[in-house]
Amino acid sequence: MPHHYILTLFGLLPVATNISTWWNFGSMLLTCLGLQVLTGFFLAVHYTANINLAFSSIVHISRDVPYGWMMQNLHAIGASMFFICIYIHIARGLYYGSYLNKETWMSGITLLITLMATAFFGYVLTWGQMSLWAATVITNLLTAVPYLGTSLTTWLWGGFAINDPTLTRFFALHFILPFAIISLSSLHIILLHEEGSSNPLGTNPDIDKIPFHPYHSHKDLLLLTLMIMSLFIISSFFPDIFNDPDNFSKANPLVTPQHIKPEWYFLFAYGILRSIPNKLGGALALVMSIMILFIIPFTHTARLRPMTFRPLSQLMFWTLVSTFITITWAATKPVEPPFIVISQVTSSLYFTFFLSTPILGWAENKMMNIS
């Protein structure tokens, strides 16, 4: 009987016949999560959470531990692959109106926030020059909180500056948060299967469904294979493609890097933060760049669920995608003209998409005479 239940969950799950390749990224994200937990465990076995030994322990893993270099590269590049998949997954949700399944969407955005926190803590653990200074800049934003800011920052740091207690607690958080991600992922999948996934046409798929296995499982395997191949090729031939050159030097609190920046997958939010010449305003914009995703289900006014047949929304969606890429690029540049203006314009366009959604939905209803 238990075998039958497992089959029902993963094999006989009824899925719409017309879901496209864009629906494959959920299974790819699960694979990334499994890989990160596995490689992370083997790295944690050899890692030392001490400011004097952390950098040396990373070098030791790369040089002395059998296949340690592979574990480290897979973990670092796997994180980038994780974020590429999750950003595409969210973009698909925005384009095809998956956010109207409110509970699934809310759990997914909570999952994104937890993932971003986990990745941030992990970036600090290498104790390279950029890790230290990126952590200093980002955690220092807590001081912008009125009244409580300084106390919160001191509490997070475990002292009056980033030091040994900070590294220890960041390691503890980086170790424990993946289990929260696993729990949230389970909740996300349960909520998704409660209502069923959307499809490219946005129609009710109940009249035309097929079992998940073997039809969609085989389709998922193709992209999964390509992703794992890409991961191993990059890890073997271009292992430092996503690394910052400053991070190959041990952290030195007395020397400030010329240009402080976090990992590439946070650059869009960091670019929005930098575009506002005010600490509190920038911190709020940074938080809102993610939190604004929570309001999307409540601002949908269009009668049609996906953007497949909504040209105005399509235009705004692809503007959002190009804006996201442009902010990411601008955030890698120094804070000087013309990059300041580019960041400010693209940040405004980023928020414009979310604010214009209800107006565009209403306009498209009028254009198509849908009351």
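Yeah, the Cβs are placed from backbone N, Cα and C, and that goes for glycine too.
Taken from Swiss-Prot, the feature transmembrane segment covers 25-45, 69-90, 105-125, 170-190, 218-238, 280-300, 312-332, 339-358. The heme b b562 binding site annotation in Swiss-Prot covers HIS75, HIS174 and rests on similarity to another entry. Sequence annotations record features per position, and here Swiss-Prot assigns heme b b566 binding site to HIS89, HIS188 based on similarity to another entry. Positions annotated as ubiquinone binding site by Swiss-Prot, on the basis of similarity to another entry: HIS193.
Sequence features, as recorded in Swiss-Prot, placed on the structure.
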residue	record	DSSP (3 states)
HIS75	heme b b562 binding site	helix
HIS89	heme b b566 binding site	helix
HIS174	heme b b562 binding site	helix
HIS188	heme b b566 binding site	helix
HIS193	ubiquinone binding site	helix
Tertiary contacts of the transmembrane segment (339-358), defined by C-beta under 8 angstroms and 6+ residue spacing from its ends, are 268, 271-272, 274-276, 285, 288-289, 292-293, 295-296, 299-301, 313, 316-317, 319-320, 323-324, 326-327, 330-331, 333
When counting C-beta pairs under 8 angstroms to the transmembrane segment (218-238), the leading stretch of 69-90, 170-190, 280-300, 312-332 is 69-90
Between the C-alpha atoms of HIS174 (heme b b562 binding site) and HIS193 (ubiquinone binding site), the distance in angstrom, to the nearest integer, is 29
Filtered by Cβ under 8 Å and at least 6 apart in sequence, the residues in the chain of HIS89 (heme b b566 binding site) near it are PHE25, GLY26, LEU29, GLY108
For HIS75 (heme b b562 binding site), the same-chain residues 6+ apart in sequence with C-beta under 8 angstroms from its C-beta are GLN36, THR39, GLY40, LEU43
Quick note, HIS188 (heme b b566 binding site): same-chain residues at least 6 apart with CB under 8 Å of its CB -> THR104, SER107, GLY108, LEU111
